[in-house]
Structures are given as structure tokens and as C-alpha cells.
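Database features (TrEMBL):
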BINDING   VAL123, ASN147  substrate binding site
BINDING   202-203, ASP223, 258-262, THR284, ASP310, 339-342, SER384  NAD(+) binding site
DOMAIN    65-368  domain 'D-isomer specific 2-hydroxyacid dehydrogenase catalytic'
DOMAIN    157-328  domain 'D-isomer specific 2-hydroxyacid dehydrogenase NAD-binding'
SITE      ARG286  site 'Important for catalytic activity'
SITE      HIS339  site 'Important for catalytic activity'
Amino acid sequence: MVTEGAISISAQYGSFRNAASFNRQASSRGLKIIAVLYKGGNAAKEEPRLLGTVENELGLRPWLESQGHEYLVSDDKEGSQSFLNKNIKDADIVITTPFHPGYLTRELLDTAKNLKVCVTAGVGSDHVDLNAAVDKGLEVLEVTGSNVTSVAEHVVMSMLLLVRNFVPAHEMIERGDWQVSDIARNAFDLEGKVIGTIGAGRIGYRVLQRVLPFGPKELVYYDYNALPDAAAKTVGARRIDDLKDFVSQCDVITVNAPLHEGTRNLINADLLKHFKKGAWLVNTARGAIANAEDVAAALKSGQLRGYAGDVWNKQPAPKDHPWRYMKNPLNGGNGMVPHYSGTTLDAQKRYADGTRQILENYFNNKPQEAANIIVGKKGYETGSYGKR
Ligand code: NAI
């Protein structure tokens, strides 16, 4: 199992529940495995630890080929003539990542006659039509936990850079200017703020743990799954059942829920009206959980004082995406970066190793770790993609 962080949260959440059994033949030979990864260019040639790239292929090629499997890798994923569309037709296993998502839509899965397993090298399988996978009896497995500390650290960093007004301060230095009051007029301390997470799973809980030493006024969370009592007590987090009530109480909000029917477009103009005026919002979960135009408008009006994150509703984000340029009325409040919080070199090693372990289990007819099973042979195994 991939574990990280200070507490054994996966144990608290029963990661080993629902251990699935696999009915495959004992050994697999000559499978066709395809992977959609992102192009790493020179960086990937110079830095072999960039494992999640087309160039470095999750480090799987020598091992897979030694087992007699065919392994095809590309970043080409859009359109009927793409690598993905053409090769999925007779692939046995498809590997994708959330960083450069190969969208496994129902229509595409309909064409995949031999497909048995979709593996997400990372965390977050919303780019797979999970309902279609359930209908087709496909398994969707991911390397749960592999980058949750990486993301939690990024969330805390993003909270700090927004609250402390860091980005405009640094830009001022690069411009050659020096006017402390222009920065300080919109800079605050994290101490004494009400900090809340939408979704208090592996990442959300780690964020709560990490911000506790800053001395917040209160930690709160909104999640249809309650934290185990001991975990809630450890961080002193109060659960709020109603989302509008929740956002109205928070100074800083972080989104750490998966993208599914119940979270798509969750943060929209209507909900933003219920935020405290001048709140800060950090979203490293999925871009489509927040409405791009509504967030940009809320930042422009000052309803939000800041928005930061690394996930976008379209990736790569188009050059004219409003989140690239949006600013608050004091010309700051934008902490957007490309999707990399969960793909640090440390995280890449963990999700590459985890992908290999999933394949190894599959080849050897061994059970997968329960926490890694999003959709099993009999349907949803996770409780994180909506109340079902
Ligand atoms: P998790 O499964 O441990 O926790 C998710 C929590 O969200 C669960 O407690 C679930 O009950 C809750 N939730 C689901 N729907 C909700 C709703 N409508 N309202 C409130 N809570 C809801 O997942 P984990 O590991 O914490 O990851 C969360 C998400 O973060 C992933 O699904 C992925 O989308 C994103 N992520 C982003 C990364 C990045 O690089 N930016 C890397 C890793 C994950």
C-alpha cells in the first residue's frame, strides 16, 4: 500500500475494506497495454525522474517487455485519429493520468473490445466515465494516496501566498519597484482565520493537520462522509452540514473532493454570493468543480480576495482562459499554476511504483489494494464519488 503523511489515515478509513478478488487466469502473456502521458521534452530527457512523461514511460517498458507484453505510449489523445482512439480498440489495459487526461468517455469505451482495466497513474479518475465503466464491467484502479501529501503541501502554500499577498509582492520586486504599502494593504495572517475544506478525505484531512499549527480561529469541513471521531478530535474540526452555511462561515476555503455529478460546477455564482466578502479560495481538486467565469467575476468584484490552484476545466488551459489573467480590485489574488501539485518528483516515483504494483497484481491474479479500486468488477467500490 502507498502510505504517506503523519497519520495512518488510510487505516482510519478502512482502506482494505471490500478487498476485491480477481478471477483472471493466473498468468497474463502478451497483453496490449497503452498509456497516455504528457510530453516532457528536454526536461524529461535531462531528468529521468520525470517518470510521468511520454519520454520516461512510468519506467515500465523494460519490465513489461520482459514479460512479453506490448507497451505503447503517447500524448496524442484527442480526436478519432488520435493514438488513444485508434489503439484503445484492441488494448487490454489503458493507463492514463489526471495531468494530461486521456478522456475515457462512454463512446470511446464502447469501441474498446478487449479492455478490462483502466489504471490511473495518480489520484482522481474523473476523466474516466465511471458509470460507463460500471455498466461494462471494467475495473478502474488508481494509485490512491500516492500524491496526497504533495497536494496538501501545495494547498497550504497557496493559502499562504493568497492571504499574505505574495504574488504581487514578488512581481513588484521583479519590476524593480518598492512600495510596501501597496502590498501590505491587502496582506493578512493565516492565524485567527476560519479555515474550511470541502471534502475531508486523504488530502482534505492532511490540509487540516498542516494548518492547525498556524493557530486558526476554527477548522471546519463539509463532507457527506463524517471524519472518524478520533480524526476530527485530533484537529478539532467541526462538521457543517449545509454548504451555504459552511461557506458563509469560512475566511479560507479549500476544495478537496473528487469531480463527479455532485461536485461539477458546485462553486458557481449562486454559491459565491454566500461566501464571506473577501474570502480566499484554493482548489487543487478539479477545475470543473468551480465555474471559470463565475470565479473570475467574483475575484474581479472583490467578493473573492483570492483564488489559487493548479487544476483547470480544460488542460492544457487555453491561452485566453480567464483564470490566467483574473485579478482582484487591488491587482492581486491570482495564485494559478499548471497542474503539477500532485506530480512532484517524489510523487512521480510513488505513482509509477504504484502503477507497476497494480499491473503486477493483475498479471498474477492477486487482489488489488481495496483503496485503489474506484470501480471493481461489481461496480463502485469507493465512497468518494458521490453518495450512492
Ligand atoms: P479521498 O477519496 O480520500 O477524499 C475525497 C473526499 O471528498 C471524501 O471524503 C468524499 O466523501 C468527499 N466528497 C465527495 N463528494 C463530495 C461533495 N459533494 N461534497 C463534499 N465532500 C465530498 O480523495 P483525495 O485523495 O483526498 O483526493 C481528492 C481529489 O483531489 C481527487 O479526487 C482529485 O480530483 C484531486 N487531486 C488532485 C491532484 C492534483 O495534482 N491537483 C492530485 C491528487 C488528487
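Residue numbering: from 1, along the chain as shown.
Each Cβ is built from the backbone N, Cα and C atoms, and glycine gets one as well.
TrEMBL labels come from automatic prediction, so no person has curated them.
Features as recorded by TrEMBL, highlighted on the structure.
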| residue | record | DSSP (3 states) |
| --- | --- | --- |
| VAL123 | substrate binding site | coil |
| ARG202 | NAD(+) binding site | helix |
| ASP223 | NAD(+) binding site | coil |
| LEU259 | NAD(+) binding site | coil |
| THR284 | NAD(+) binding site | coil |
| HIS339 | NAD(+) binding site | coil |
| SER384 | NAD(+) binding site | coil |
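For ARG286 (site 'Important for catalytic activity'), the nearest of the binding-site residues VAL123, ARG202, LEU259 in terms of C-alpha separation is LEU259. For the binding-site residues listed here (ASN147, THR284, SER341, SER384), the lowest count of other CB atoms within 10 A around the CB belongs to SER384. Taking the Cβ of LEU259 (NAD(+) binding site) as centre and 10 Å as the limit, one finds 23 other Cβ atoms among all the protein chains shown. Looking only at the binding-site residues ASP223, GLU261, the densest Cβ neighbourhood within 10 Å occurs at ASP223. Averaged across the domain 'D-isomer specific 2-hydroxyacid dehydrogenase NAD-binding' (157-328), pLDDT for the predicted model comes to 98.
If you measure from the Cα atom of SER341 (NAD(+) binding site) to that of ASN147 (substrate binding site), you get 8 Å. Under the three-state DSSP scheme, ASN147 (substrate binding site) falls in the coil class. Separating the Cα atoms of THR284 (NAD(+) binding site) and VAL123 (substrate binding site) is a whole-number distance of 12 Å. Non-local neighbourhood of HIS339 (NAD(+) binding site): PRO98, PHE99, ASP310, VAL311, TRP312, GLN315, each in the same chain, at least six residues away, with C-beta under 8 Å from its C-beta.
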